[in-house]
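Structure first, then comments.
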């Protein structure tokens, strides 16, 4: 249903653009509540070999689905005076954010999680730089992009090393692979590389300078995503 939001945003007549996309996204949000009843204390609820839900990912997926209608509600007045093509592009970017986040939180392959999680940078960056209200929005977008990219590259290297060591990055089989003991300094550096991307996103003090800029310069929907 989320993929169908893209043609909805492109083909809906301009007078009914916002009500139609809001109704469509609200239906998706309501349907997402069905995932909550299927959560188990252990194990996965598998949708296909690459997508599954578990007790940790299910609340994040539901939150992602509810975020889109709230962003659409918060953005109508902000973009009402803009040309209709820019409004359609804005809704398409919000929809792509939801698609990437669903693929990230539902992924069973760690590399797929990494790629989809980092793919959210692109629409978020465009939203900040194109629809931000302040004059420093380009500078804020550059801070946001390079801080998060620089923090995530050690995670990519760590995942490739894990693939080389265990032979798998599937969350289904990774718990049964040969464990890492984290005894040497190199192993500790590997663990730090795994954590760094998430510490930047949190953000940890010292790598947080992108966040005040991004929040101040972003529109309401951009701050909600962040």
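Glycine residues also receive a Cβ, built from the backbone N, Cα and C atoms like all the rest.
Check TrEMBL against the ranges 166-188, 189-211 and you find transmembrane segment recorded for 189-211.
Counting same-chain residues at least six beyond the ends of the transmembrane segment (87-105), those with a Cβ under 8 angstroms from any Cβ of the stretch are 2-3, 5-6, 9-10, 14, 17-18, 21, 25, 51, 57, 60-61, 64-65, 67-68, 71-72, 75, 79, 112-113, 116-117, 119-120, 123-124, 126-127, 131, 221, 225. For the domain 'NADH:ubiquinone oxidoreductase chain 4 N-terminal' (1-104), the model's average pLDDT works out to 88.
Across the range of the domain 'NADH:ubiquinone oxidoreductase chain 4 N-terminal' (1-104), the DSSP-based residue counts are 76 helix, 7 strand, 21 coil. Across the range of the domain 'NADH:quinone oxidoreductase/Mrp antiporter transmembrane' (107-226), the DSSP-based residue counts are 85 helix, 3 strand, 32 coil.
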